[in-house]
Amino acid sequence: MSLIRGLVSTLYCLPKVYKWFYRPYYLLSLLMTVAFPIVRSCPGLCEYLPSQREDSNSCAFDWREVEILMFLSAIVMMKNRRAITLEQHIGNIFLFSKVANVVLFFRVDLRLGLLYLMLCVVFLITCKPPIYMGPEFIKYFSDSTIDEELRRDGRVTWIVEFYANWSPECQTFAPIFADLSLKYDCLGLKFGKVDIGQYAAAAERYKVNPSPLCKQLPSLLLLQGGRELMRRPLVDMKGRAVGWNCTEENIIREFNLNEMFQRCKKFSKGEKPEEPKTLLQEAPEEEQPHEDEDEEEEEPESKKDK
């Protein structure tokens, strides 16, 4: 089922997929993904590779290589079950295909394995995934400006994303957060981002752990007047994030963005917006005895006395 969903999403987004391969990152990733099949089937190269086939055809996959490729397909399908966007699907294919290529090259020849592994390291250092550069209504904070901006106007509600450029999850989430800012930004509701890879002090103040083991990135915080109202994902007692998918539907539902947007639009019209429901936790007023009830109870007694 996950394979079918991946194929459908790929075909649906095919018009924009071919544009990715104009970028060096995706083009080189594609070449490294198919490196072993090209070497194994290329005339002039495959003759020098060992093979365990009974017909001694060194230009075709042997049974062990087919087994490794089948195992790779199973892993990719399992990982893509949790993939949300097309970028995540393709990223998983690139990642695990490179791992399978390392195993296949080392199995054929130690020198080829070392050469391919060296190319992977150079690619990882020199080629970074392209950063989202589309339209957005997002303000970028530093550790020295975030507190001042959030406390400037207590009527404004902020949704702030804590991210890191090295995190694949943050890179995948960038267009989703930008799209939300285009739909819901108004004078009473603002969107912001903090790069905690560059501003670690801000991450420490707002208790966001940048460690990959904690899986807290990206973290979304709902803030008003410098006070935190809620965050996603939640964090357990061990400092690890509770499982939560950063999809557009989940964010709209969890943060109640539709209702918040309607409430914060009043600020655009010059009215003071209501505070979010998370702040309205006032204790119920105590009921006071009504003097009228006491007078009503005394009236029948006075009539009897008469």
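Cβ coordinates are placed from backbone N, Cα and C, and glycine is handled just like the others.
Lifted from TrEMBL, the feature list:
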TRANSMEM  20-40  transmembrane segment
TRANSMEM  90-108  transmembrane segment
TRANSMEM  114-132  transmembrane segment
DOMAIN    135-269  domain 'Thioredoxin'
COMPBIAS  268-277  compositional bias 'Basic and acidic residues'
REGION    268-306  region 'Disordered'
COMPBIAS  283-300  compositional bias 'Acidic residues'
Query: Residues sitting near the transmembrane segment (20-40): Cβ under 8 Å, six or more positions beyond its termini, same chain?
result: 46, 49, 59-61, 65, 90, 93-94, 97-98, 100-101, 104-105, 112, 116, 119-120, 123, 127-130
Counts by DSSP class (helix H/G/I, strand E/B, coil) across the domain 'Thioredoxin' (135-269): 47 helix, 32 strand, 56 coil
